[in-house]
Structure formats: structure tokens, C-alpha cells
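If you check Swiss-Prot, you get these features:
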BINDING   His123, His127, His133  Zn(2+) binding site
Amino acid sequence: MKRKLKMDNLNINFINDDEHPIPSQDLLLKCLQLVADKHHISHAEVNLNIVSNDEIQQINKQFRNKDKPTNIISFEFEKPQGLPDDIANDFLGDIVIAPAVLENEAKEQNKEINDHWQHIFIHGLLHLLGYDHQDDQEAEVMENLEIQLLAQLGIANPYIEQENQNGR
């Protein structure tokens, strides 16, 4: 199933061929709106690919050399030479999400599934905008921004429980 969801000048192209369960698409569009507003982006388009655990494991192995399923992988758009800026600047990239991984994580972490979806989607969008978490400083910047954006959606800090478990 392919579907385009549009709000003003923001688009999410949903690719969900196996029809995996996903939350309300409006929730995800609201996440894109928040991230776009925060970064003063007036036009944006994202491909959201919903895949099985096996598919994301293959992608994770191919692009990250990690032979296991993960919740999300983001691919920032690299503008091909010759593509006009007005077209290239709108497309942020591709996000691949495995719903089964998200469901397991939400259960393990006692989180509402829709809250976890929104968190992980925002996380992926931030990767498309160049944020990363390769070191503690980058992680702190990215996590703080996620916490701030999620608070605007009425979602509690997703890192509190993890911080308590990790002794941070």
C-alpha cells in the first residue's frame, strides 16, 4: 500500500506493502510539522517505508554492518548532480521503520505504542536533518531536542526510565 499524506507543504509518502500496523498517519504528520517548524522548514517531503523485522535486519546489515533488526534507519537525501535546488531542497530522505521492533520496545519499556512511534519517527527525522548520536555530546543535543518536541505533543521524556536503569 502506498499513500501520500499531505499537510500544507509537508508530505509523507507511506510505503507499507505488507500492510503492517501503524499508528494514525495524522500523528506522524504532526511530528513532521513540529520538526519542520523547529527548523524553519516550510516545504518537506519524506518517504516512510514500513517493513518486517527480516527486511530491516537486511538493511541494517547492508548499510550499518549490524546483523540484527533495529527500530529505525534513516537515509538522508543526497542531491544528485543537476537536480534543481527547488526540488532537491524539499526532499529530506527515507526512513525505514520495523513496527514489530517498536511494539516489542514499547512493551519492554512500558511505553504507549503511539508515543513510542512518535518518538522514533522524530528521531529519524532529526537524523535526516543531520543530527546524530555518535558521541555523548551529540547524543545529548539530539535527545534534548527530542524531549522538547515530544513535550509539545504531551509525551513524557522517553529517556527517564532508561537513565534510571543505566544509572545516569
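Each residue, glycine too, has its Cβ placed from N, Cα and C.
For the binding-site residues His127, His133, the largest tally of other C-beta atoms within 10 A is found at His127. Taking the mean position of the Cβ atoms of His123, His127, His133 as the Zn(2+) site, the remaining same-chain residues with a Cβ inside 8 Å of that point are Ser74, Gly124, Leu126, Tyr131, Asp132, Met142, Glu146. Summarising the environment of His123 (Zn(2+) binding site), the number of other Cβ atoms within 10 Å of its Cβ, over all protein chains shown, is 23. The DSSP secondary structure for His127 (Zn(2+) binding site) is helix.
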